[in-house]
Amino acid sequence: MHHHPITLLSLLLGAAQSIAAHPTAHDERRSSSSIGVSASVPDDAALPVLHPFVSFSIEFAFFPDFAGNLSHPNLFSNQLLDNLADLQGAKPYIRVGGNTQDFALYDPKLRAATNATYITSISTDYPLILSFGPAFFESYFTWPGTKFIHGFNLGKNSSSDIELMLESVPLACKALEGGKLAYWELGNEPDLYKTSAQGIRRPASWTEQDYVDEWLNKTARIEKRLVEACPELAESKYIAPSFAGVTNSLNPVVTWEKGLDKSRNIALNSEHNYIGGATQPGVTLQNTLMNHTKTVESVAQQVNVSRILSKDNLTPGIPYILGETNSLYNEGAPGLSNSFGAALWGVDFNLYCASQNIRRTHMHQGSNYNYISWQPVGTNRTTIGTKAPYYGNAMVAAMLHGGDDVRIVNLPLAADTEAAYAAYVNETLVRVAVINLVEFNYTSTDSTAEKVESRPSAKYTFQLPSSESVYAGSVSVQRLMANGSNAITGITWDGWSYNYELAQGKPVRLQNVTTGEAISVGDDGVVEIEIPYSSAAILSL
């Protein structure tokens, strides 16, 4: 499925006027506002996103669930990745890592892919004792055309554990030969090693300099193994430092100042971000996830670090990405992270990141997690299937279609509960996205007519750029829809369902959803669109 053709391109050539959007609503409590958007890329716009932008991080212990193996490849997962490739133009990059990356020890005699032991008093979500064998690397052969980031263990630090990590290098590099390797990673969230509830990994005296020295030493030892086993990958690079946040026990700016990139082997500056915690007091759908201001505040911490690093020339030519991110840390909260409201949050969060020079995002996944985009296998806790957040991934991918020169610009709106963005491809405006974040819940006892009747909508008015050309008659519309923000099923992007039950993740056009929608443009270039509460849309020019 590809984006709609650009039908107003002639309007944009040489256009000098702005777009003005005036959101109004049936609900008179909401104030109207107006904004302007230039037809060409604003001077202060972010850099183009990396291609692909929409990417994933998969918990190390659960990678075999998501990808399968040579005899049983996970075709469902691969189909969902292919769908996103069709939308954004490139298959998502996959980072294999997370907390269990730093628990995982290589066992050359293990016949299974993994051997996992849960310590339920600490975490029921993932194993704290984990070994992986040669069969683990079969999972790198099941998703054609996918590039991977493989995570090595930095957390375990005895001489025998380090040797086991190094013994795994030849298997990893041979599995990722032939264009499958994107980057390596060494360590997950080392800024929590001194404080983690899952176990203390380093003494309180461990500093940024200690971390940098250790990272440089171990990556040099990894490089020696690469030279021996996979010489063509000897100069492959890393994402780093993979900190949990920017305000923990290691300071990311100091870490770069201490020479993290002394070996010139870091391709991307990777940090992690979560809006809040699954069990934090006061976390709600409306105030935490469906809240544009909260998203802006969360991303602002990353942007501040990014600007300092840039100003001090500490990361020249090294893009800033989120190598792991999602809604609520500790695997998300049921009823929040798995709802359609979380899908809308994902659209807002990802597009806002793209507008702030965060060049790629890897949404974190793990079997049975609440915030996952899909559950790859059936378990006694979760059924196999496409989950609500995936549909948000699809809309973001569609908004970012266009190759290597796609830029996103935030269009500030008045309320916490709405957001809008413009997409520019090759310097030209091609799409506008509008997200309504007013929480609208529904109950299964409502009839379909009652649901439609009772659901308010907001009206957004755009003034399209003008030129001497004649205005095209209409713009095309694609909508992200569900019955309400609390829905966990029945979700569509542009009328497509990606449900496992319908066609194992292949796109299926539902007949009860309006598609092919076009909105007429007035002679004066004004176009109006109604966005039901708790929904979103893309207008393609």
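Each Cβ is built from the backbone N, Cα and C atoms, and glycine gets one as well.
Checked against Swiss-Prot, the residues Asn157, Asn313 yield a single entry marked N-linked glycosylation site: Asn157.
Distance noted between the C-alpha atoms of Asn380 (N-linked glycosylation site) and Asn304 (N-linked glycosylation site) is 43 Å. For Asn441 (N-linked glycosylation site), none of the recorded positions have C-alpha atoms inside a 10 Å radius of its own C-alpha, out of Asn69, Asn115, Glu208, Asn217, Asn291, Glu324. Long-range Cβ contacts of Glu208 (active site, proton donor) within its own chain (separation 6+, distance under 8 Å): Leu250, Asn251, Val254, Thr255, Glu257, Lys258. Of all the glycosylation sites in the list Asn115, Asn426, Asn483, the shortest Cα-Cα distance to Asn291 (N-linked glycosylation site) is found for Asn483. The two recorded residues, Asn483 (N-linked glycosylation site) and Asn426 (N-linked glycosylation site), show a Cα separation of 36 Å.
With a 10 A radius on its CB, Asn441 (N-linked glycosylation site) counts 15 other CB atoms from all the protein chains. Each of the glycosylation sites Asn217, Asn291, Asn304, Asn380, Asn426 was assessed for Cβ neighbours inside 10 Å, and the highest tally belongs to Asn291. In the structure shown, the C-beta of Asn483 has more C-beta neighbours within 10 angstroms than that of any other entry among the glycosylation sites Asn69, Asn115, Asn157, Asn483, Asn512.
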